[in-house]
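Enquirer: What follows is a structure written as structure tokens; I'll ask about it next.
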Amino acid sequence: MILNTLSLVNYKNFESQVFDFDAKINCFVGVNGVGKTNALDAIYHLAFGKSYFNPIALQNIKHDTEFFVVDGNFEKHKRTEKIIVSLKRGQKKIIKRNGKAYEKFSEHIGFIPLVIISPADRDLIIEGSDTRRKFIDSVISQSDKTYLASLIAYNKVLSQRNALLKYFALNNTFNGDTLTIYNEQLNTFGNDIFKKRDEFLKIFIPIFKERYQAICQSKETIDLKYKSDLFNGELIHLLESNLNKDKALQYTSVGSHKDDLVFLIDKFPIKKFGSQGQQKSFLIALKLAQFDFIKQQSGVSPILLLDDIFDKLDENRVAQIISLVDDENFGQIFISDTHADRTENIVKQIHQSYKLFKL
Ligand SMILES: Nc1ncnc2c1ncn2[C@@H]1O[C@H](COP(=O)(O)OP(=O)(O)OP(=O)(O)O)[C@@H](O)[C@H]1O
């Protein structure tokens with residue numbers, strides 16, 4: 001998977017910009033606030049139809065302008081694929097592949113395999129469990145369309161069940177029949193989600209551990225565990241046995257929407273006991289494992305976006321990451337960094353062609 005050219009019109013701080021990329025390594029360098037991350041985000045936008053950093057679509061349009069257009073020419077399986085994402089104020093976002101607009105954006109997900117490593121990944125460690133579920137979900141749904149469908153269906157039934165529990169409490173009433181229907185539906189979709197998350201993590205965790213050990217050279221041990229209510233039994237039974245609690249809380253307190261990932265370093269939570277460099281190494285390992293998994297599933301090397309990853313890492317860890325990128329069959333890589341010299345020195349050590357874009 002290669003992005004050959006990228007053209008931006010009114011995308012964040014870019015008024016009009018065209019990039020002609022190298023097939024291997026591309027570096028955006030420049031001072032703070034010049035648009036390095038925005039350039040990476042534009043590439044992310046082409047793969048996922050949305051920004052990685054700013055979920056409010058309208059805020060990605062350049063201030064005081066009416067629309068943005070992000071236009072990329074990719075090469076996949078030796079074919080040219082033109083992806084255009086555009087948004088005009090007051091209208092719906094449009095994603096086109098080779099001139100044809102998608103009816104459902106979810107159909108596009110996975111078409112451009114891409115992994116981003118960014119300082120914003122820290123949210124995976126410090127924020128709530130929904131951030132970690134979104135991470136698992138985004139990895140699985142890049143290679144499994146039915147997973148995304150189960151997830152959407154599960155969330156729909158979940159909000160209906162929660163609304164019903166609220167209605168019961170508000171009107172001091174109860175109707176077990178409607179609840180049973182929701183329980184059965186949640187059970188079907190929830191079991192499917194649990195099975196897929198479990199299967200995915202059984203493959204993913206060993207890859208992740210290997211990646212971490214390669215970066216830190218076995219100085220510390222880390223672990224990643226899947227936590228789910230569904231390890232304690234079928235969801236339908238859990239929903240039944242928690243009914244009184246759910247009625248009191250007025251929401252569904254068990255199920256796949258409570259799943260989490262536990263991150264440990266030397267058996268303790270990394271959030272509290274990991275140093276900044278260890279946390280960063282953990283997140284990079286997580287994302288590199290995501291890269292490996294997607295590559296394994298799709299047979300295509302995802303595009304790798306490395307946003308500001310060299311800060312806070314010691315020379316050894318940077319060297320390890322470089323040798324990983326050098327040794328193995330990585331595809332195209334985009335790097336952003338404030339230090340042009342540092343970046344150039346680093347990429348020179350990788351025996352691949354590169355282009356440096358001074359913004
Ligand atoms: N909708 C928008 N319209 C205009 N400018 C925007 C918009 N959204 C963000 N910006 C500008 O983009 C700039 C930030 O760009 P970006 O995050 O890409 O910087 P960077 O080069 O990665 O900086 P750093 O080195 O600090 O990480 C800011 O100046 C911000 O005001």
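From the backbone N, Cα and C atoms, a Cβ is placed for every residue, glycine too.
Predicted automatically and left uncurated, TrEMBL annotations should be read as such.
According to TrEMBL:
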BINDING   G30, V31, N32, G33, V34, G35, K36, T37  ATP binding site
DOMAIN    3-346  domain 'RecF/RecN/SMC N-terminal'
Enquirer: Give me the sequence-ordered set of same-chain residues, not including G30, V31, N32, G33, V34, G35, K36, T37, with a C-beta within 8 angstroms of the centroid of the ATP site's C-beta atoms.
Expert: F28, N38, S336, T338, L359
Enquirer: When you tally the Cβ atoms that lie within 10 Å of each candidate's Cβ, which of the binding-site residues (G30, G33, G35) has the highest tally?
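Expert: Of the binding-site residues G30, G33, G35, the highest Cβ count within 10 Å belongs to G35.
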Enquirer: Going by a 10 angstroms cut-off between Cβ atoms, which of the binding-site residues V31, V34 has the sparsest surroundings?
Expert: V31
Enquirer: Using a 10 Å cut-off on Cβ-Cβ distances across all protein chains shown, tell me which of the binding-site residues (N32, T37) has the largest neighbour count.
Expert: T37
Enquirer: Output, ordered by sequence, the same-chain residues six or more apart from K36 (ATP binding site) with a CB under 8 Å from its CB, or 'none'.
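Expert: In sequence order, the residues whose Cβ lies under 8 Å from that of K36 (ATP binding site) (at least 6 apart) are F28, V29, G30, D307, D308, S336, D337, T338, L359.
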Enquirer: Could you give the mean pLDDT over the domain 'RecF/RecN/SMC N-terminal' (3-346), rounded to a whole number?
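Expert: Summarising the domain 'RecF/RecN/SMC N-terminal' (3-346) by its mean pLDDT gives 92.
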